Amino acid sequence: MEGQRWLPLEANPEVTNQFLKQLGLHPNWQFVDVYGMDPELLSMVPRPVCAVLLLFPITEKYEVFRTEEEEKIKSQGQDVTSSVYFMKQTISNACGTIGLIHAIANNKDKMHFESGSTLKKFLEESVSMSPEERARYLENYDAIRVTHETSAHEGQTESSSSSSSQPHSSHCRTKASSLCHHASLPWVKRNHVGPAKATSPSLRLRRWRPFLRLPSMGLHSVAPSIDEKVDLHFIALVHVDGHLYELDGRKPFPINHGETSDETLLEDAIEVCKKFMERDPEELRFNAIALSAA
């Protein structure tokens, strides 16, 4: 994607919740970590859940799948309700903000907005636009861009005293709990600071934060250069009119993953997340956060 480029947004509930608050969303719904995929760990997520955001690596395997999936849907077709709010992504590294917009826009009737909410105004003004028009509208929506940049910087604040033994990572922006789908996978260079409540042998909770090595300053968490290549991507999984939709601004249209309900959205969304992980069994950089009633 050419054109505008934003700083990457961190997959961190504290960052996303503060971002949405600054955009005028009342905190009656909050993002929380999803610690794993088995029933015990999913039971830790407050209910109801109205959206799930997945952060995953864009790999060669995934890009092959994405191309094949698009060709298959164009050939065979799919049912997509007109009620789905979907927008394309034309701004590099804006997938976090677009994922949040998808999550809120498709649950707008559940949300409470503060007076003068920037996000509510954007959604109301773009409701009749095409996905491409919404993308262009976001390009020029300075109130959201500035809030995104502020949140991206805040998500990288870390003192040197707390990071002296942290691992090095080049671009990953994930602070939320990593979903590890097989216990025999090798331990990656991450510090385990979360509560060890994952009792299933097939799942672990690993919590980690990326760092960039600075030659004379030890290890610090810093915002990457705006021109730095980032190979992680956000998508939103939402329930609209009885179906589970994957909303990814890099794709030409929403993906219908079948039937779901308000009660089963989390479990159904996690089944989709599992497929992402199964396509790249050597990858461990998967994170999920859920939008739950506070």
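Using N, Cα and C of the backbone, Cβ positions are placed for all residues, glycine too.
Any TrEMBL annotation is an automated prediction that lacks curation.
What you are looking at is a predicted structure, and each value in this text was computed from that prediction instead of being measured.
Taken straight from TrEMBL:
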- 5-293: domain 'UCH catalytic' (DOMAIN)
- Gln89: site 'Transition state stabilizer' (SITE)
- Cys95: active site, nucleophile (ACT_SITE)
- 150-175: region 'Disordered' (REGION)
- 159-169: compositional bias 'Low complexity' (COMPBIAS)
- His233: active site, proton donor (ACT_SITE)
- Asp248: site 'Important for enzyme activity' (SITE)
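Features per TrEMBL, on structure.
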residue : record                               : Cβ within 10 Å
Gln89   : site 'Transition state stabilizer'   : 21
Cys95   : active site, nucleophile             : 25
His233  : active site, proton donor            : 20
Asp248  : site 'Important for enzyme activity' : 24
Closest of Gln89, Cys95, Asp248 to the residue listed as 'active site, proton donor', Cα positions, recorded positions only: Cys95
Integer Å distance between the CA atoms belonging to the residue listed as 'active site, nucleophile' and Asp248 (site 'Important for enzyme activity'): 8
